[in-house]
Amino acid sequence: MARIHPYVAAACAVVLVLAAPTVAVDPDMLQDVCVADRASPIKINGFPCKANVTADDFFFAGLRNPGNTNNPAGSVVTAANVESFPGVNTLGVSIARIDFAPGGQNPPHTHPRATEIIFVLEGTLEVGFITTANKLFSKTITKGDVFVFPRAHVHFQQNRGYVPATIISAFNSQLQGTQAIAMTLFGATPPVSTDILAKAFKISNAKVDAIKGRFTPK
């Protein structure tokens, strides 16, 4: 079977996002380019424009190689958003590579500012999202498949194979934002009150404290 080159897959993912008949979440740009000046002390909704722009500002090589999946989740996200790739500032797009160890998981999370579309480079994964009516839409996908997660919906990906898996994710935002559900609730700073979580999850305070102990605040 022909091997799908990572660059081709990444390009396809971006095209899919750009071709979608929806308005990007981010505001429209008011000039040709506005490369993010991450060093500027000015704080705005987004990032101010850099003065001296070069071709390198529109280039990112960080998705070439697999990331290190040696962690409890067994997955790693390598993001090419405005925080690491300033050329996408004001363009309303970003992209990421997600690598999974066998059995690895990208835990349930949301992207409050973007729809996400994924393309499978290698492996077999179970993916899905949950609507506000608590309906699960889930699918097992494999090399060459595409799946989309609506903006702000809780979703997940898990490698169901016995070999590593890799997907390319594209977003209609320069900075999609990510809230991992478990970390958000049990690893917040300052912490959410134990009794609030105990009542919400219908478990004891002691169990909540035990769960909190597994999530170190960022």
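Cβ coordinates come from backbone N, Cα and C, glycine included.
Caution: TrEMBL annotation is automatic and unverified by curators.
These numbers come from a predicted model, not from an experiment.
Checking CYS12, CYS49 against TrEMBL, the residue bonded to CYS34 by a disulphide is CYS49. Cβ neighbour count within 10 Å across all protein chains ranks CYS34 highest among the disulfide-bonded residues CYS34, CYS49. Taking HIS155 (Mn(2+) binding site) as the reference point, the recorded positions whose C-alpha atoms are within 10 Å of its C-alpha, out of CYS34, CYS49, ASN106, HIS111, are ASN106, HIS111. Neighbour density for HIS155 (Mn(2+) binding site): within 10 A of its CB lie 23 other CB atoms from the protein chains shown.
Nearest in space to GLU116 (oxalate binding site), taking C-alpha to C-alpha distance over the recorded positions CYS34, CYS49, HIS109, is HIS109.
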